[in-house]
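My questions will all concern the structure given below.
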Amino acid sequence: MDIDARIKAYKFVAYSAVTFSVVAVVSVFITLPMVYNYVNNVKKQIHTDVNFCKVSARDIWSEVHLIKDAPGNNTRVARQAYSTGGAGGGGGGGGGGCDGCCNPGPPGPGGSPGKPGKPGKPGAPGAPGNPGKGASAPCEPVTQPPCQPCPGGPPGPAGPAGPPGPPGPDGNPGSPAGPSGPGPAGPPGPAGPAGNDGAPGAPGGPGEPGASEQGGPGEPGPAGPPGPAGPAGNDGAPGTGGPGPAGPKGPPGAAGAPGADGNPGGPGTAGKPGGEGEKGICPKYCAIDGGVFFEDGTRRR
């Protein structure tokens, strides 16, 4: 009996081990593809986010360069905002023009997105920076001169004729007519059919001799063929009219080359001196949990 019990126990242990092994292998076959798929999706998402950040950074840099390269003189201070001329960079505002006031044209169609670039190599660590300077007072805001309104353009051509309107409502009924009299006589009826031929009459007597008379001119004949072309006529008198009306406005020309940089402005006034910085303190000791204790009794993490 003891041997049978041991055999049953060994069989139970063997079956249990085989069962757990099969379950473990099946679990590995199921979980490995799921983990691989999850990691692949996370990798794709991170790659997409990195490309989006690169494209956004590239767009921001391009806009910064456009703003930096935009023509204009922004070095004037408030006292020069309303000047009408002068030497250096201040002379551009005295022409009375309105080049910067007109609205720009509609934006062009967006270009196709470029291919993502290859990731660059990590740069070398930079050298430690110099100690910062004290804060300077904010610059006085520059008041921009008001723009002169552009003159109104000529009236446009007349539009096409509109569609016909809907039919109007029915009119009111007319007043009743009075008693009518007899109408006018109708037109004569058509001629009746020809009658039968009559009996031949008796022969007549000899007639009187006819008088010879000269007939009048006949009707004019048809027009003959056109004759040869005559010699060229003399030049006409010069016209008295003025020049014709101006033609339509042509298409806008290509963008011109950027103008030369203006003369540098004068040096600005010195700013107010900044306040004194806080007194530096050294940490007294550092705690194990990351806190730092200073001599004044404060603690920072």
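Glycine is treated like the rest: Cβ placed from N, Cα and C.
OK, Swiss-Prot features for this one:
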type	residues	note
SIGNAL	1-37	signal peptide
REGION	105-134	region 'Triple-helical region'
REGION	109-284	region 'Disordered'
COMPBIAS	143-170	compositional bias 'Pro residues'
REGION	153-176	region 'Triple-helical region'
COMPBIAS	179-191	compositional bias 'Pro residues'
REGION	183-212	region 'Triple-helical region'
COMPBIAS	201-218	compositional bias 'Gly residues'
REGION	215-282	region 'Triple-helical region'
COMPBIAS	219-229	compositional bias 'Pro residues'
COMPBIAS	252-261	compositional bias 'Low complexity'
COMPBIAS	262-274	compositional bias 'Gly residues'
Taking a Cβ cut-off under 8 Å, which residues six or more beyond the ends of the region 'Triple-helical region' (153-176) line up next to it in the same chain?
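Tertiary neighbours of the region 'Triple-helical region' (153-176) are none.
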Just to confirm my parser: what is the rounded mean pLDDT across the region 'Triple-helical region' (215-282)?
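Mean pLDDT, the region 'Triple-helical region' (215-282): 75.
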From the DSSP assignment alone, can you count helix, strand and coil residues within the compositional bias 'Gly residues' (262-274)?
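Its residues fall into 0 helix, 0 strand, 13 coil.
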Within the region 'Triple-helical region' (153-176), how many residues are helix, strand or coil going by DSSP?
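Per DSSP, the residues of the region 'Triple-helical region' (153-176) fall into 0 helix, 0 strand, 24 coil.
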